[in-house]
Structures are given as structure tokens and as C-alpha cells.
């Protein structure tokens, strides 16, 4: 959980730093940033976007390994056989491998050039009032235009996206396969808890509910939007500014993912509510308490008299 939480925090920080936008146009989609008022030039901004895309690949893998780990926590036989000893480090390595893999593909095959600038110039200007020269981007152009004005499939692009589809489908498989196995195991455990304390049974139910919600969240915020973004340009269907919504769902996912555990599991929920209740009951922190005890007396003549720090 520390590994996942640390990554989600870094992912959010990188998202704020990069300020990426997603736009689809005909047979292409781009992830771009406006670097005009930035400290980074066009090529440096391209590197920022490549790393941001690598973080997305990292996140796909981390969904899957999270559910594998959860299943191992529920089923001792699986944990001992597949996650025992040094094997557990494979779960930590796979997100790094996926993130690096996708970053390399983006850097090698999705770099902008003069022809892609001409292809995206009008739609970027019309949609964002931004000159293409003021943007840096990765572009996935499935059907570029040759010198005769004819379109043709770019094999390298299709092969690269096939790799991403493999990452997506492997992540989906792990989430739903191991998620369902956890579901059946927890359901079976709940049906056999007649002699178990009500506290233990309640905790198992809460964990089960959190598991269900955390399975649905990436489906809605990640898998479906990305499938739309990758599929429609592939068949040259322009989804236009609907692609901006996809960037929003990906951006909010790291913030929403921890919420099921925080609000469904009773002990976490109590801790969260107690934390915010303490803040609202005591708006002055201990560091500022001395300043907040400063009192001003208003004299009868209307003159403010400061009596200093108590």
C-alpha cells in the first residue's frame, strides 16, 4: 500500500508539472502541453510528456499487481507458492517494466515532426487557440498521409499500440480474474463465520465492499476511456473534444482510488472523520496558538488597544 500510495502521489505531482491535455483528431490523438510560458523548451516538454505516459503504463501494471497481492493475502496456498521469498519482488518490478516499456515506445515512435505539425495545426488552433509551434506532444497517427495525399497504415504505430493493448488487457485480466477469486473466497469465508466474532465478520464484509468498489473505479475511469481513445482514431472516427474528458478521468483516478478504503472500512472512516473534526474544532494549530491568543480590546472611545500575547 505504501508503494501504491507513493506512486499515486508522484503521478499527481508529475501531472501538475506537465499539465497534459489529450486531443483526438481524425486518425490521430495527441497528448500535448503548451510550453509557451514554461521553463521547458519543446524537446524538454516532449520528455516530460513521455515520462507522464510512462506513469500511465506504470499505473496499468500496478492495478493488476495490487489484485494479485490481495488474492495472495486471502489465499495462503497461492501466497506461499507464487509470492513467497524473493518472488514478491516481481510485483514491485512489473509496474517499472510496463512504465519503461511504454515510455520507450512513446519516445521512439510518437515523436512530433513537421508533417504532424501540419496535420494537427488547424485543430489545435481552433480548439485551444494555440499555435502548434507553442506545443510539444506525442502523436499516435494511425493513418498518415503520403506525398500523393493518400493515407496508409503506419505499421510501427499499430505495433506499438498493440503493445499497449497487451498492457491494458493483462491489467484488466489480473483485476477481474483475481478480483473475482477474492470475491468468491471472501464470500465463502463469510458463509462459514457462524462461530467468528461479529467484529471479524463485519471487517470481512467491509473489505469485500471495498474490493468491489476498487474494481469498478479503474474500469470507469481508466479502462473504458482509454479503450475509446485508442479504438476510434484507429478506425479514423473523430471523437474531437470528447477526448479531453479522458484526460480528466485519468487525472482524477489517483485521488479517487484510496477513497473506498478510507470511507468503507470502519476504522479508517472513524480516523478520517476524527481528523477533520479535530481540525474544525481547533482551527488554530499548536504552532499558531500563541498568535491566536492575541486579544484586542476596543475602548469606549473606539480606539483599539492591543494587550499583546497572553
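Positions of Cβ are set from backbone N, Cα and C atoms, glycine also.
Note that the structure is predicted; figures quoted are calculated from it, not measured.
As recorded in TrEMBL, the features of this protein are as follows:
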{"type": "TRANSMEM", "residues": "46-69", "note": "transmembrane segment"}
{"type": "TRANSMEM", "residues": "89-110", "note": "transmembrane segment"}
{"type": "TRANSMEM", "residues": "155-180", "note": "transmembrane segment"}
{"type": "TRANSMEM", "residues": "207-228", "note": "transmembrane segment"}
{"type": "TRANSMEM", "residues": "234-256", "note": "transmembrane segment"}
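Nonlocal intrachain contacts for the transmembrane segment (46-69), taken as residues 6+ away from its ends with a CB within less than 8 angstroms of a stretch CB, comprise 3-4, 7, 10-11, 14-15, 17-18, 20, 31-33, 40, 83, 91-92, 94-103, 106-107, 111-112, 136-138, 164, 167-168, 170-171, 173-175, 178-179, 182, 215, 218, 222, 250, 253-254. For the transmembrane segment (89-110), the partner stretch with the highest count of Cβ pairs under 8 angstroms, out of 155-180, 207-228, 234-256, is 155-180.
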